[in-house]
Amino acid sequence: MTVTEEWVRRAQSGATDPRSPDDHGALRRAVGRNLTAYGFLCAALICFALFSWYPMIREIVLSFQQNNFVDPGEWVGFDNFRTVVADPAFRSAWLNTAAFSGLALVIGYAVPFVLAVVLNELKHAKAYLRFVVYLPVMLPPAVAVLLFKWFYDPGAGLFNQALDAVHLPALSWLDSTSTALVSLVIVSTWMNLGTGTLIYLAALQSIPGDLYESAELDGAGLLKRVWHVTIPQTKLILLVMLLLQVVATMQVFIEPYLLTGGGPENATVTVAYLMYQYAFNFGDFGGGSALGLMLMIVLLVFSTIYLRVSREEAER
Amino acid sequence: MTTTRRGLSLLLVMGLGLVAASCGSDDKEPSGAADGPVTITVGCEPPKSNPKEREAWEADVAAFQKAHPNITVEGKDAFPCINPDTFQAKLAGGTQEDVFYVYYTDVRKIIEKKQAADISQYVGSVKPVNDLRKDVMSVFKDGDQTYGLPRNNYNMGLVYNRKLFTQAGLDPANPPKTWDEVRTAAKKIAALGPGYVGFGEYSAGNTGGWHFAAELYARGGSMVSDDGKTAAFKSDEGKAVLENLKRMRWDDNSMGSKQLLQWEDLMRMMGGGKLGMMVGAPDVVQSVNNDFKGKFDDYGVAAVPESDGKSSLSGGDGYMFNPKASPEKIKAGLLWLEFHELTPGQGQFDYARSKEQGRPVGLPIPDLYGNSAPGNEINSLRKKYATVPVDNFTPYVDAQGNITNKLEPPKAQELYAVLDVAMSAVLTRKDADIDKLLSDAEGKANKILAKNT
């Protein structure tokens, strides 16, 4: 029975003051407890409002304005959208972003899962290997990207040296339109490998061991165990990670910005990179915001699916 | 219930948004009396990590304030002096300095967007303005209106590593004057061993388009038509720029295998001592010496090959005024700029102090005055207090008399982004079709320019 219900009951029973000294203490404690909670909530709300919601609202406003940040912005309807859609780089940017996300799903999504399965099967050095796999996440992204810039050097780079050691022809990596985007996916995968692997590993470890034992008794090998036990048991987390991966990879920026500058021949220009070009190099915040709004709408679709899936998982 | 909660959340967000939006606005300061106290904020104060420059700046501020007791100069330090990425944010946030620093490349965009104050009615009080080179002043003008003053000015040349020239059996006192000579020299330097690059060139992050313009101007070409409405780079000169690079990259193999280079890449390669030549101004040598472990003695600068009697892409920096600055602040800012940036023997031209502090003196920049009286005075002071080998810049200085400075085209960054594609194509693809690349670029550029006009 809640404090309020108790008051009502006492009032109905004819008591002149429904609050006893004991109730005052309970009320104070309840208010105190909730005040702390509201305090924490407010802090979080202010942070979100200032650093997430306000910039989003500002972006939406800017995408419909011509603004020099001196005079009040002039409303221009959909002009900014028309400008960016007419830009020849617009189509390349969306195609490259989609290709990057697709490749990141093939490479960046599968590798951590396979690695987690292998780590889960290992009997020894598990903690050490988990640490090693997670290490790249600790590097600041810019450092990791610049490290790969050296690895990809067509002359003295590590990758071409390795290819040469096994008598394979050298690749142009970032300098070729056919390999540049894949090279960026490799960097991105390496940088994010650790987090994905740890999440999958946690999911794998929550699978009851007797399921594997039963499968083993039925004569299932490793692949069959993965197919019939691991994947069905981790289906939801796999789906959630898939959606998060799509949302993250569609915003790819740092890799093309630091490694290729969008080249060669616009082969690595992505939507986020084009946004940056508009806003900061061309000084056209309206165009940049219009692109940002388009990307936000696309990502909203994936985010909505993600929310539904994660709610389903929570209810499971 | 859920609807109410959602409604309240939305109101909260909107309320916070409005509060935050109102924080960004900035009202004009009331104008004070003619000689009343006035405080100006000025960009590009040297950072504390450059103690010698900082000390000189502070001494200059003290001397200026003594001469003008009603003016207080508040320097705002940053390194580099400006990050164009943050320009709009500073303006929007109301933290832009009253007298703010700009690169030439951004000036036209700022004027078009009305993001700088019109100082036409005040600039007449600055005496040296009449002696400034007309082409330099034109950077900050739009018709008859003036929007700023220069601090530095140079044009593109050919920067080369004298040490590598000697190692490759070339004469560092006689740098290449034609592109054929550049090709021959580049091949010899590249032949020194693995990792040596004869000639380096940009092709990413809009820097490729920038250097395309530099090489095009030096051949006598233009980026846009005279009225600025259409692209003009699909010309014999434009084709020659790309063909020359393609030959050096693929026939001579003298440009290294790593491409998609951006500004810092060539600086690092030049400082590392394995790059023979690149297109650049004397400020490249300064950067390589100061920030990329190179040594002044090892580098020389000449004119861009075959540019004699033609043009060279100009570059530089200067100061503009916050569009919200009061007339008093503008007048005070102009007095400061006259004192610190434009007077021979003072501020940035106090070469006696620079030598005493052990700072480099003798580079042929800034060239603000050409052959006028203040220009000659600056040149003689520069020679008198030289600490760097001035002879290394003689080929560049000698060529200046016969080369016209040419400004960047309208919508420069957008056009450079378009031409990055052509530059990266010839440097990364052996079968690049130059005619097609230029046609595609022309089509895209025409769309950009049509939008502009």
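Keep in mind that glycine also has a Cβ here, set from the backbone N, Cα and C atoms.
The domain 'ABC transmembrane type-1' feature in TrEMBL is assigned to A:94-306.
Residues annotated as region 'Disordered' in TrEMBL: A:1-23.
According to TrEMBL, the transmembrane segment annotation covers A:35-54 (among others). Long-range contacts of the transmembrane segment (A:35-54) within the same chain, counting only residues at least 6 positions beyond its ends with a Cβ under 8 Å from a Cβ of the stretch, are absent.
As annotated by TrEMBL, transmembrane segment applies to A:98-119 (among others). Residues of the same chain lying 6 or more positions beyond the ends of the transmembrane segment (A:98-119) and with a Cβ under 8 Å from any Cβ of it are 126, 129-130, 133, 181-182, 184-186, 188-189, 192-193, 196-198, 200-201, 203-204, 226, 230, 238, 241-242, 245-246, 249-250, 252, 270.
The transmembrane segment feature in TrEMBL is assigned to A:131-152 (among others).
Annotation comment: TrEMBL describes A:180-203 (among others) as transmembrane segment.
The transmembrane segment annotation in TrEMBL covers A:236-254 (among others). Sequence-distant contacts of the transmembrane segment (A:236-254) (same chain, six or more residues past either end, CB-CB distance under 8 Å): 97, 100-101, 104-105, 108-109, 113, 141-142, 145, 184, 188, 192, 196, 199-200, 203, 270-273, 276, 295, 298-299, 302-303, 305-306, 309-310, 312-313, 316.
The transmembrane segment annotation in TrEMBL covers A:285-307 (among others).
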